[in-house]
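K.L.:
Here it is, the structure in full.
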């Protein structure tokens, strides 16, 4: 077994950080971007399990070390699903924007109402 | 035993139908079930009394030491006879108490029968968890029965109170039961009692269990729910709140006393609380005007008495307790039934309005006399025998027992007092009250109460016959049995008889001074427990609101940030304290090859750049760059399939994002506060670093070989050369089935979000020229203008408008992209149209190629489908939405469905023709030009995937492309109309 190349690890770290930061935003569009980038980060970290510069997992090709096909298959599935999910989220974000001309996540109205209840009532 | 239990629940399920067919007489049929149970218990009785308990034990979840265990010993037998026997009589009584048109009678009958079953399960359960389940079932059924009059607010509130109080106790008890079960290492009651564990934890468990028992039996300080529960119909009060359910707590005390009766905490709680409840509730009963409430407080008082007797932990007290338990069931139930009869016959239960019933209802009067005499402990009734032995059991004990005896005597004085008050209030002539008009009750209505009263009468003379039976339970209490007492009607002259005389005299005195007693009682009243209960509830409410207000800020970023911070802290601490970096790992490597540096750097720069750009479009492009960078890294990682798919998907995503972004504002809205942004950056960076570190060490510390070493051989066997593709469509085709289902759902989601009202239906027709426009166009076009699509006027501002709908004439038209004719002139590009037209067949061919070669080389259904989708996308971008409709006539839903059907059909075909689901077959084809083609059933599966992906992209184009086009056009038209109107 081998350690993954540091450069890939750094790349994964930056992608994850960027994705999580975007996830913490109020703009839904940015949140969707965040999920997309998190998808890339996850796929790359799946591929960390194997060394780079290997032959593709095709039988009957030139002889040499072949890369591990399992993470590839996982990542391939993940890519397509990420695509489906981001498209759906995009449509959601768009609907939100269509609703109130603003694609930001507002605070939950009910929660605000409850937290207002705890404050001392106005005498007015 | 199990079938007896099951019969109750089956009968309960049938009850609504029976009531619909037979009306109230259905209760007579339902009564057969508890009657059969009673008979069964009587048949078992000789063996049980002889010391041979009946039991079943079905292993349920042996890993958790859970079993379906039932056991009937003497205590269980007595409780079964009470629950089932009185249940039978109550059901018979119901058949006359209710009228046929009582609302909700079917539900009531079902719930009452189910309650009888739950009660039976409760007293027979030999497993603590099972006991708890039946315990809570009785609580729930009691809630439904108390709240029978759903329209009445007091009824609902009383039901809620009972539920809240008893559930609170029940949950506390559950904790105690689990502690007890864990301490004992078994959840079987019989085993626990045979070898009871000891220790501080067990004492705590016992106290918790007692909280449950006391709340169920309505002892102080939980007694408020029982008087409130008198809102229930009288049969319910007579059954649940006198004979059966409230006895559950008493039963549990009786059940555990043989094991823990000598524990001080147990004695203090049962005897102390019991006697206090007996006195206070008895005192309160003395000033009630409602006959039912009088009985309710009397019941609370008697339950206190029973708990004190059964919890005292001596053999004689236990004997007196179980005798009193039987006596109480036999006198309190008929009294409740009598109240129901009086209520039914006169329309009131207020003793200030009743007079002269002694003469108008002689049978009911004599029943009541017997029952009341038993309650007051008059000879020769059963109550007398039981009370005598109770006094005797505490006669020679230590000081605390003498104190308890004094308390019991006081309580009994009150009992005699309210017994007389009941009899006087309900039946005797009152000079100031006119004789109450009565509508005479039928024989069947009175019979149940008569049976019970007769048993009360028989219980006295036959007390010595009952003695050996009840002693079967009392002898299990191992303390104080040196000179065992015996039940008998006549004990001779002694202290108990003197005490009984004192009680009678005191009771008579209280009755003769009843006016003063009521006055004094009202003066000395304790705070209303209902008010305290409501205050507690309000306080809990406020607390809940405050906690919710503090923790639930309603802000998504805050929630998510909290989650991430918790993740970082929880995983970071063990990483740091466990000194993860010290694990034995291969040396750190910078890269596999320096060439990785370029795409990695591009990806990193783009990913960081996304955080800071303000323009949406720019952000989309940067996100795309991260995707392409990742794809390039995949390429170097020896994953060409992955890289191909990533490139294609990224391209489609990019276009789709741009299609949506054209409607959104160009820039992101107001930036968040700088401090907040820094915190977010910090959280993001910390989480990202943590994940990367975990990934790194997970791999550096990896010891096992990859599990995929067998895949090449498996792929060869499956007849594929591309291992990944083989994995997807053959080896792990189930995963792919799941995946394409997700895609289908996502497509449906996108479409339903975009077409809220209905899906746009493009006009059907073969390739042809869209013609004509329509009345709607005249809103833009002055009347009389030639109705040519191309003639839509060029508008300098805003977006030009395409016709609202089109007819497509089925006619071959040699245009490059016929649908583009519907586009506004300024949006058309001849070069783009020509290129798109020329490119489209090539793209489709390429996609088919990728599909077919997927098994042997790079490619596959996903990649092929996306390529075909890209071809459609080019045509849409060049020719507008009508071109898209013209390019594919099928609805995307049809394509998606077809794809799913083909994939699923292939999978099932494997099951039909092969050995299992998704089993594959192989055959070879020789096709000219393409050459040798290796065909497997996986190819068919892949074809399904291919169709589905095309359908998905078509769906996205229609939803996020064409639909938004429509919206934009409609808006432009609306604004134009508005302009015209204002002009």
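Backbone N, Cα and C define each Cβ position, glycine as well.
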K.L.:
Among B:43-62, B:343-362, B:363-382, B:523-542, where does TrEMBL put the label transmembrane segment?
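P.N.:
Per TrEMBL, the stretch marked transmembrane segment is B:363-382.
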K.L.:
Between the candidate ranges B:158-180, B:710-732, where does TrEMBL place the transmembrane segment annotation?
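P.N.:
So the range that TrEMBL calls transmembrane segment is B:158-180.
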K.L.:
According to TrEMBL, which of these ranges is transmembrane segment: B:402-424, B:770-792?
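P.N.:
Going through B:402-424, B:770-792 one by one, TrEMBL flags B:402-424 as transmembrane segment.
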K.L.:
Pick from B:15-32, B:105-122: which stretch is listed in TrEMBL under transmembrane segment?
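P.N.:
That would be B:105-122, the stretch labelled transmembrane segment in TrEMBL.
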K.L.:
Give me the mean pLDDT over the domain 'Na+/H+ antiporter MnhB subunit-related protein' (B:831-954), rounded to a whole number.
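P.N.:
The answer is 81, the mean pLDDT of the model over that range.
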K.L.:
Do any residues, 6 or more residues outside the transmembrane segment (B:200-224), come within under 8 Å Cβ-to-Cβ of it, and if so which ones?
P.N.:
135, 139, 161, 165-166, 168-170, 172-177, 179-180, 183, 245-250, 252-253, 256, 260, 263, 265-266, 269-270, 273-274, 276-277, 280-281, 299-300, 303-304, 306-307, 529-530, 533
K.L.:
State the residues, same chain only, that lie 6 or more residues beyond the ends of the transmembrane segment (B:642-661) and have a CB under 8 A from a CB inside it; answer 'none' if no residue qualifies.
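P.N.:
Counting only partners 6 or more residues beyond its ends, the transmembrane segment (B:642-661) has Cβ contacts under 8 Å with 616-617, 620-621, 623-624, 627-628, 630-632, 634-635, 724, 858-859, 862-863, 866-867, 869-870, 873, 877, 953, 956, 960-961, 964.
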K.L.:
Who are the chain neighbours of the transmembrane segment (B:105-122) in space, where the CB to CB distance is under 8 Å and they lie at least 6 residues beyond its ends?
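P.N.:
Apart from its flanks, the transmembrane segment (B:105-122) reaches 4-5, 7-9, 11-13, 15-20, 23-24, 26-27, 30, 33-34, 37, 70, 80, 83-84, 87, 90-91, 94, 98, 130-131, 133-135, 137-138, 141-142, 144-145, 148, 233, 235-236, 239-240, 244-245, 248, 251.
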